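Down below is the structure, laid out as structure tokens.
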Amino acid sequence: MVAITLPDGNVKEFDGATTVMEVAQSIGPGLAKATIAGRVDGKLVDASDPITQDASVEIVTAKDKDGVDIIRHSTAHLLGHAVKQLYPNVKMVIGPVIEDGFYYDIFSEKPFTPEDMAAIEKRMAELIKQNYDVIKKMTPREEAIKIFEERGEDYKLKLIADMPEEKELGLYHHQEYVDMCRGPHVPNTRFLKVFKLMKMSGAYWRGDAKNEQLQRIYGTAWADKKDLQAYIQRIEEAEKRDHRKIGKALNLFHMQEQSPGMVFWHPNGWTIYQVLEQYMRKVQKDNGYQEIKTPQIVDRSLWEKSGHWGNYATNMFTTSSESRDYAVKPMNCPCHVQVFNQGLKSYRELPIRLAEFGSCHRNEPSGSLHGLMRVRGFTQDDAHIFCTQAQIQEEVANFIKLTLDVYKDFGFDQIEMKLSTRPEKRVGTDESWDIAEKALADALDSSGLEWEYLPGEGAFYGPKIEFSLKDSLGRVWQCGTIQVDPNMPERLEAEFVNENNERETPIMLHRAILGSFERFLGMLIEHYAGWMPVWLAPQQVVVMNITDKQADACQNVASELQNAGLRAITDLRNEKIGFKIRERTLERIPYMLVLGDKEVESGQVNVRTREGENLGVMSVADFIELVQKAVAQKGRLTTKTDEE
């Protein structure tokens, strides 16, 4: 007798071993038809897996997130089935689930074309119509090896070799096609009707550019057609907002092959960058941070001492001079400890907050580089707080408040906060972890906002809080972080004199709000589709004449605006005013001032916005006040109050 406990507390008894599908059938035919997989004592299993002892069982359907992920994984296998039918000589590699979809890496002598992708998608749809069952077979290791040897699937054999402890492997049969997976998968292809292949790209076996190149086909799959349509609309909107396209259209930056992963900032883009830096400089100064600057290139001895040379060497750019090895810094922390170490500190001086707009370089794989979002050279709004254990909570609480306030200034009010706790492999005592985790949790509670735990996701030396922003397309971007670190100060011999006149190692809090300027700017460009709030716009105002007679007056108005601290330019070209307005609107300049004879005579300006609104005629002083109010508002969705 096997007793199955359902989520509502009801218990169903079966004479012997049963399955998730049989449990669903015992509840009702509608549920059985909708069953994709199940959870047995919390573990995801196939609907056909045997349940041999008493257990708690949940039915997984397409309405569950797990159900949608299983649909996506099974659609990746379906893609493999279609590809092998159309191109029998290719070799299948891996086909995992990713956010909103899946991909499959394939080795093929001949590159796939868009026509091939269309043919694959068509064949997948034909296979789905056959409504065949997906059969799972737990297969002895040697038999699985024989199956893939007979099929010439070299990469599957390499993957099996990576798992020497596995005596039995899960093989999923899509008719004649066989794939290997831990599962679970859908029981029938009728669950896979809502899918679309999205794009193709190159990849490398095991992600290493030294290995052979593979072809990656990306797809998406959903439980409902409406969800697929909404996703495609989001993708199309995201493509329109691609920061690389907008960056080119607005003349913000470019990148080129001679310097992969490094940004060439143009005047417009550099203006936004400088506004960002000046803003963060003021914010940090107002909150007790001291700005410093540390070297770009540092001897390997410091990186060895900090642990980076041993653990991070492949991601570091190195150089040699006069028989000494150096690294271009990939991060700022070891250098900040060197500044702290100059002169013995007293506990009365703590906390000490050291901030740097630190220029860092990391040797990221070339295939992973993506515009401003993934670069090799970047600047962090980096800071390190040296404090006592007792000061952690207050410092973290202040940082949370500051970070959320900064995000509001950029127009982000949907923030996710997550606390990553101790991993299995860690340094330090359980007591020190208890104190650090409680300090971070209490600081999060003091914010009055929702947050969640990420158990086991902390670094080996301490817990951390991550801040993620939701943009205008609903995408989530991880940006800010604050990390407790007692390890690096100890490795680099940082000390202060405590109240008992004894030497003690400080706690170091690594923190960043924006993350990297480059990535944050890429996010802003896509969030606003290039329509930057007035305070961030490279040019805030353009002053335009109707005829040559108003040229001098336009120059005078522009000078007055510039003297008031506004970023203003003139457009005195001998073109029709309608043409100039259209062109400057495409440049996303927030305000356009038009001067004709009437405006010159009255000493006023005619004000239009890039949204096409005519604000009418006003004095230059009134216009300056209008812009200054918009600048003070920043990107906030509501007006900033005195309390904020």
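Easy rule for this one: first residue shown is 1, then count along the chain.
Just so you know, glycine gets a Cβ as well, placed from its N, Cα and C.
Keep in mind the model is a prediction, meaning the values are calculated, not measured.
Annotated features, as they stand in Swiss-Prot:
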type    : residues               : note
BINDING : Cys333, His384, His510 : Zn(2+) binding site
DOMAIN  : 1-61                   : domain 'TGS'
REGION  : 242-533                : region 'Catalytic'
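Projection of Swiss-Prot feature records onto the structure.
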| residue | record | DSSP (3 states) |
| --- | --- | --- |
| Cys333 | Zn(2+) binding site | helix |
| His384 | Zn(2+) binding site | strand |
| His510 | Zn(2+) binding site | strand |
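Those residues of the chain, other than Cys333, His384, His510, with a C-beta within 8 angstroms of the mean position of the Zn(2+) site C-beta atoms are Met331, Asn332, His336, Val337, Asp382, Ala383, Gln483, Asp485, Met488, Met508, Leu509, Arg511. Taking every protein chain shown into account, His384, His510 are the binding-site residues, and of these the Cβ with the most other Cβ atoms within 10 Å belongs to His384. The residues of the domain 'TGS' (1-61), classed with DSSP into helix (H, G, I), strand (E, B) and coil, number 14 helix, 26 strand, 21 coil.
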